[in-house]
């Protein structure tokens with residue numbers, strides 16, 4: 001109930017905040033469009049009020065007002081009667097201004113005639129910044145990320161979103177922005193620290209205490225209250241307290257992140273710290289270093305604040321990447337290249353400034369601010385150009401070699417698919433799909449040509465391509481196993497006694513000759529196909545020979561026996577791994593998705609149904625794990641035969657319906673791997689057999705080592721069985737497989753009726769294996 005109230009409260013606060021921000025943004029936008037930024041700063045001298053400086057991209061700059069011009073009147077009022085000039089040495093809003101320049105009186109009418117550059121800095125960039133922050137905040141709210149840092153991040157994005165528009169309206173002395181800017185400047189950085197604390201705290205890392213965070217909120221609140229209710233904000237656009245507090249919080253955040261980075265430098269989280277520090281540096285350093293800090297120390301800045309605004313577009317992206325790292329790009333590469341690109345850009349900046357100072361030093365020598373502005377512009381442009389070059393280089397390489405990479409990937413896929421395909425039909429299907437996809441082939445087919453010269457497809461049918469192949473063979477002679485004609489070709493894949501296999505292709509019309517890369521690719525594909533088909537033939541012969549011997553396992557040579565069981569174990573291992581990496585992980589992923597749905601839903605009935613579905617999915621995953629452990633218990637086998645046998649006995653004892661009595665001698669380290677695996681499989685098969693077939697209540701299992709031999713003794717009190725009841729054919733499963741496995745290793749196995757305890761008449765098994773040393 002409490003969580004529901006908290007969610008509803010957050011929802012209402014979100015919508016109220018969004019509506020408030022939209023109203024403010026609309027007001028600031030109208031103010032920016034309607035009111036010009038005059039940008040004329042004055043000083044009081046013995047001659048009266050004169051122009052000290054003119055802000056770039058302002059109305060004063062476009063009206064060609066110069067430093068030294070004397071202000072005679074503003075809207076007909078003497079300068080001493082204009083509050084903005086007497087108190088803050090600047091001209092606020094005005095309709096017309098009278099100037100005295102070189103004994104000439106000039107009247108200038110104030111209008112909105114500003115340059116496109118001014119609108120770019122004052123409206124376009126602030127609007128883009130607002131839209132990015134606003135979009136991210138809405139996206140995070142709708143996505144409902146289960147992360148305690150998300151609500152703080154949403155609040156931060158809402159507070160910071162109108163900041164640049166506020167600053168633009170502030171320059172026009174808009175009454176709303178003069179008060180709201182103080183709140184945005186202070187609480188943006190406080191919420192940023194709060195977000196960092198909650199985000200890293202969710203991973204168990206300490207950034208700063210709750211007490212220190214509370215002190216920041218308290219001090220920020222006091223500064224905002226003083227600025228709004230005590231400070232005269234009718235025309236004042238100066239925020240010295242806010243700027244000092246912002247610089248302090250920024251430096252504090254840098255120290256906290258640097259301290260945290262030293263603690264977690266060896267972990268994977270260091271990349272996230274690198275990303276955040278790089279993003280904050282690129283976003284805030286120009287504002288702090290070239291505007292806020294110089295204004296604190298000297299009252300002036302080498303750069304106008306407008307020049308620092310484009311860097312602010314990186315802030316929302318930097319903030320959202322930690323929370324939504326799977327949605328956005330991975331910037332680890334960009335961060336690693338930043339130092340290298342900065343060095344190159346710095347060298348380019350030095351060369352550029354040297355050239356400018358040599359050839360046009362008269363214009364720049366007396367204005368250090370312009371030199372610094374030019375250097376910063378060249379440095380920033382150089383870094384951006386290097387990143388753009390890196391991206392374009394990657395994009396061009398990706399698109400120029402796309403077709404070549406696609407052909408190479410098709411060869412890799414053909415080889416990969418061939419590992420699991422054991423019939424000629426499947427290989428022919430793969431060849432047909434690959435050839436028609438990467439060559440100008442209308443039809444492609446693998447055909448058979450018998451001793452009677454009749455052409456058939458692999459399924460025995462005749463079609464257009466078989467008729468075309470017959471005509472091709474009648475009218476052309478093969479060259480190196482290949483028949484060519486203007487409309488197609490045929491390539492010999494396999495030559496047998498009674499038939500030949502050919503790959504036949506009919507080209508599309510108009511016929512296009514294969515280029516060099518296509519011919520090389522086709523030759524490589526055909527070589528791969530010939531090897532695969534040859535292997536299939538050899539495998540078919542081997543299986544045919546085994547089928548003749550499988551009715552009597554005693555006819556199979558021991559070496560072949562060991563090879564077949566080695567192949568069986570390999571297939572068990574691969575199948576177990578595939579099941580674990582696909583089916584089990586899919587079930588767990590479904591369970592996690594159901595968990596997320598359970599947290600988001602509020603209906604008790606739906607929650608119950610989802611919980612039941614989740615339990616069923618986890619049960620399926622558990623059953624799959626049991627099957628995997630039965631097929632190939634890789635973790636247990638890696639520990640050695642002793643721990644693997646003990647784990648098997650423990651699992652059987654927990655789930656079986658009989659009493660299991662065991663006596664296991666310590667297994668020597670020199671036991672061969674094949675012998676150890678045979679011992680484990682023998683115990684597993686016998687225990688599975690007694691659980692499924694005999695109905696025994698008491699089972700005895702012993703493993704003993706007698707010099708050069710390993711003895712496994714098994715007895716139960718269930719339904720007995722002897723050698724005459726065992727199927728003599730070869731198998732890798734069941735008791736016949738156990739017999740074949742033991743005999744293949746040079747051991748012996750005897751199945752009789754038990755004469756000793758636990759009860760006469762049950763099954764008795766004695767396995768004797770050679771305990772040779774493992775040479776590996």
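Each residue, glycine too, has its Cβ placed from N, Cα and C.
Feature annotation from TrEMBL assigns transmembrane segment to 12-33 (among others).
For the transmembrane segment (118-139), the list of distant contacts is 18, 21, 25, 29, 32-33, 37, 57-58, 62, 154, 157-158, 160-165, 167-168, 171, 306-307, 309-310, 312-313, 316-317, 319-320: same-chain residues at least six beyond its ends, Cβ to Cβ under 8 Å. What TrEMBL lists as transmembrane segment is 118-139 (among others).
Residues 10, 14, 17-18, 21, 24-25, 28, 125-126, 129-130, 133-134, 136-137, 140, 180-181, 183-185, 187-188, 191-192, 194-195, 198-199, 201-202, 309, 312, 315-316, 319-320, 322-323, 596, 599 of the same chain, all 6+ positions outside the transmembrane segment (146-164), place their C-beta atoms under 8 angstroms from a C-beta of that stretch. As annotated by TrEMBL, transmembrane segment applies to 146-164 (among others).
Annotated transmembrane segment per TrEMBL: 176-199 (among others), in sequence order. Listed as Cβ neighbours of the transmembrane segment (176-199) (distance under 8 Å, sequence separation of 6 or more from its ends, same chain) are residues 24, 27-28, 31, 147-149, 152-153, 155-156, 159-160, 162-163, 165-167, 169-170, 207-208, 213, 216-217, 220, 223-224, 227-228, 233-237, 239, 242-243, 245-246, 249-250, 252-253, 256-257, 276, 319, 322-323.
What TrEMBL lists as transmembrane segment is 211-230 (among others).
The feature transmembrane segment is assigned by TrEMBL to 242-261 (among others).
What TrEMBL lists as transmembrane segment is 273-293 (among others).
Residues or ranges marked as transmembrane segment in TrEMBL: 313-331 (among others).
Sequence-distant contacts of the transmembrane segment (338-359), counting only residues of its own chain at least 6 positions beyond either end whose CB sits under 8 Å from a CB of the stretch, comprise 278, 365, 371, 374-375, 378-380, 382-383, 386-387. Taken from TrEMBL, the feature transmembrane segment covers 338-359 (among others).
Residues annotated as transmembrane segment in TrEMBL: 371-388 (among others).
Long-range contacts of the transmembrane segment (242-261) within its own chain (CB-CB distance under 8 A, at least 6 residues past either end) are made by residues 181-182, 185-186, 189-190, 192-193, 196, 200, 205-208, 216, 219-220, 223, 227, 270, 273-274, 276-277, 280, 284, 288, 292-293, 295-296. Here the transmembrane segment (12-33) has long-range neighbours at 112, 122-123, 127, 130, 134, 137-138, 141, 154-155, 158, 161-162, 165-166, 168-169, 172, 174, 176-177, 180, meaning same-chain residues at least 6 beyond its ends whose C-beta is under 8 angstroms from one of its own.
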